[in-house]
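As given in TrEMBL:
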type	residues	note
SIGNAL	1-17	signal peptide
TRANSMEM	68-99	transmembrane segment
TRANSMEM	166-187	transmembrane segment
TRANSMEM	193-209	transmembrane segment
TRANSMEM	230-251	transmembrane segment
TRANSMEM	257-278	transmembrane segment
TRANSMEM	285-306	transmembrane segment
TRANSMEM	351-373	transmembrane segment
TRANSMEM	385-407	transmembrane segment
Amino acid sequence: MAAPLVLVVLAAVTVRAALYRSSLAVFIAERVEVASPLNAWKRVVEGLALLDLGVSPYSGAIFHETPLIIYLFHFLIEYAELVFMITDVLTAVALYLAIQDFNKVVFKKQKLLIELDKYAPDVAELIQTPMEMHYIPLKVALFYLLNPYTVMSCVAKSTCAINNSVIAFFILATIKGSAFLSAVFLALATYQSLYPLTLFAPALLYLLQRQFIPIKLKSKSFWLYTMQYASLYLCSLVVIICLSFFLLNSWDFIPSVYGFILSVPDLTPNIGLFWYFFAEMFEHFSLFFVCVFQINVFFYTIPLAIKLKEHPVFFMFVQLAIISIFKSYPTVGDVALYMAFLPVWSHLYRFLRNIFILSCVLIFCSFLFPVLWHLWIYAGSANSNFYYAITLTFNIGQILLVSDYFYAFLRREYYLTHGLHLTRQDGTEAMLVLK
């Protein structure tokens, strides 16, 4: 399997290197779908210029990245293109290794449940075979490296690529069962963009399963392990934040990074839901609705944790999708990360209801983004309503896509235990409905 992965990596690096040397690089870097006020490369360059002049990069309203990022590029600015290409490759390799281990766990669990007669007798066609699972890690790496969204983020040198890499290593550490590394990488991801805090729940559930600790609120071992993992996470986060303070000798980065993410003061258009809504809103209502919009990202964590406590990796996939849809400054790079997991759920395709329509919606929206932007900003024949309409359609498409996968997953799990051929009490065929 190593040879195909190397070929995929070489193809991905070649595409990126060619685009870096083309005239498209500048155009892509300016696209609002690819770079946001948080992660745009030109803002990183501005922050570096201020740092070189001995001025705090957070003294103005331009730079909103974390101190570790600016100090990373302070030393590697001349090799920025190489750094972003290596970051993408590392992300793909981490996802490849994570899914490889996850498939082994799934196969062992599936084999055990078959031996214990936990599955219905007529569900043989729903059981995943080793042959079906063999190429899934390679497909995940392929979906990430050659996804146009990922390629554009890399070419634009959006720091979203670094966030994705940290999350990928967090997923790898979690699936490997390393609580310490999982907590460290989750702390780094939270430090970078705040919203990965919601990944704490699926990571904890997976690690509890690895340790064969029952997920019961009355269990002492459950609370002991939860406190250990939470302590590791919080200590790692405190250490990283203190390191940032020692680098800058100032706490200015906290309001400039996290205050900026939460209060959403910059209403530059992007593929998210915030900018248009708050541009049109009266000022005295904005605080309330900012809170409502921000809570939306975290709101689904507890109900999903209850429903998917036996399936933490699928829970993680859904949570990544929710973050990319509802965060304040999303880019296509965020979308690319959760889309890389779609091959993992290829066994759900037979239960998906609208996959073709939703795929077409997302593809057409991706092409219409630059068209409607041009009509609005350059041609003057459209206005912000047009661009927000396509943004709204894109996000609704994502929500329906994740909902479709969620429904398909629950449907397959129900069939595995109750059988494919459901009947009512009177012997007639029954239809499964998700309520």
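Any Cβ shown, glycine's included, is placed from N, Cα and C.
Residues 31-33, 148-149, 269, 271, 332, 382, 386-387, 389-391, 393-394, 397-398, 400-401, 404-405, 407-408, 411-412 of the same chain lie 6 or more positions beyond the ends of the transmembrane segment (351-373) yet place their CB under 8 Å from a CB of it. The transmembrane segment (230-251) is not in contact with the transmembrane segment (385-407), judged by fewer than 3 CB-CB distances under 8 Å for residue pairs 6 or more apart in sequence.
With a cut-off of 8 Å on Cβ pairs spaced 6 or more residues apart, the transmembrane segment (193-209) and the transmembrane segment (257-278) reach 3 or more such pairs and are scored as touching. Here the signal peptide (1-17) has Cβ contacts under 8 Å with residues 81, 84-85, 88-89, 92-93, 96, 134, 137-138, 141-142, 145-146, 151, 154-155 of the same chain, all six or more residues outside its ends. For the transmembrane segment (285-306), the list of distant contacts is 195, 197-198, 201-202, 205, 262-264, 273-274, 277-278, 315, 318-319, 322-323, 326-328: same-chain residues at least six beyond its ends, Cβ to Cβ under 8 Å.
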